[in-house]
Amino acid sequence: MRVFEGRYYGEGLKIAIVISRFNSAVTKELLDGALDALKRHEVKDENIDVIWVPGAMEIPHITRSIALKKKHDAIIALGAVIRGETYHFDVVANEVSKGIAAINLEVDVPVSFGIITSDTVEQALNRAGIKSGNKGFEAAMVALEMANLKRQIEAI
């Protein structure tokens with residue numbers, strides 16, 4: 001029996017981070033967490049591309065464009081969608097989630113999901129590492145694991 005499991009090893013990996021500028025107080029924390037994880041696991045600065053987009057709705061479009069180029073081993077999608085007083089939150093959260101899921105099925109480049117959905121700014125900041133855990137760090141770890149697992153599967 002053979003068992004395949006991704007590793008948290010970044011040497012030689014090229015990673016793209018697509019990040020929303022909207023809610024930047026939160027997304028900058030997510031970016032810091034993702035960069036911390038990548039650097040701790042040997043991904044060199046010159047192998048990290050950070051692409052800023054206006055808002056969460058633009059993340060899937062640019063993520064797909066980058067994935068289709070197949071120049072990165074994994075892509076990390078980072079953003080923060082915070083509930084307001086209208087139905088807009090539900091639309092944005094659902095469409096961004098569906099968009100990233102579709103890219104993962106369509107294009108052969110793993111995309112990790114580091115998009116926070118929360119009811120308040122305080123909740124979003126907490127999930128971005130202000131109190132504990134950083135979803136950007138976690139998304140980067142998923143990207144490393146999936147990139148390495150993909151390499152193993154390709155070698156079968």
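Backbone N, Cα and C atoms are what each Cβ position is placed from, and that goes for glycine too.
According to Swiss-Prot:
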ACT_SITE  HIS88  active site, proton donor
BINDING   PHE22, ALA56, MET57, GLU58, ALA80, VAL81, ILE82, PHE113  5-amino-6-(D-ribitylamino)uracil binding site
BINDING   GLU85, THR86, ARG127  (2S)-2-hydroxy-3-oxobutyl phosphate binding site
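Feature map: annotations from Swiss-Prot on the structure.
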| residue | record | Cβ contacts under 8 Å, 6 or more apart |
| --- | --- | --- |
| PHE22 | 5-amino-6-(D-ribitylamino)uracil binding site | PRO54, GLY55, ALA56, GLY79, ALA80 |
| MET57 | 5-amino-6-(D-ribitylamino)uracil binding site | VAL92, GLU95, VAL96 |
| GLU58 | 5-amino-6-(D-ribitylamino)uracil binding site | SER20 |
| VAL81 | 5-amino-6-(D-ribitylamino)uracil binding site | ASN23, ALA56, PHE89, VAL92, ALA93, VAL96, ILE115, ILE116, THR117, SER118 |
| ILE82 | 5-amino-6-(D-ribitylamino)uracil binding site | ASN23, VAL26, PHE89, THR117, SER118, ASP119, THR120, VAL121, ALA124 |
| GLU85 | (2S)-2-hydroxy-3-oxobutyl phosphate binding site | none |
| THR86 | (2S)-2-hydroxy-3-oxobutyl phosphate binding site | none |
| PHE113 | 5-amino-6-(D-ribitylamino)uracil binding site | ALA77, SER97, ILE100, ALA139, VAL142 |
| ARG127 | (2S)-2-hydroxy-3-oxobutyl phosphate binding site | ILE116, SER118, GLY133, ASN134, LYS135 |
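In the three-state DSSP scheme, ALA80 (5-amino-6-(D-ribitylamino)uracil binding site) is classed as strand.
Here the binding residues for 5-amino-6-(D-ribitylamino)uracil are PHE22, ALA56, MET57, GLU58, ALA80, VAL81, ILE82, PHE113. Their largest Cα to Cα distance works out to 17 Å.
Every protein chain shown contributes to the tally, and the Cβ of ALA56 (5-amino-6-(D-ribitylamino)uracil binding site) ends up with 28 other Cβ atoms within 10 Å.
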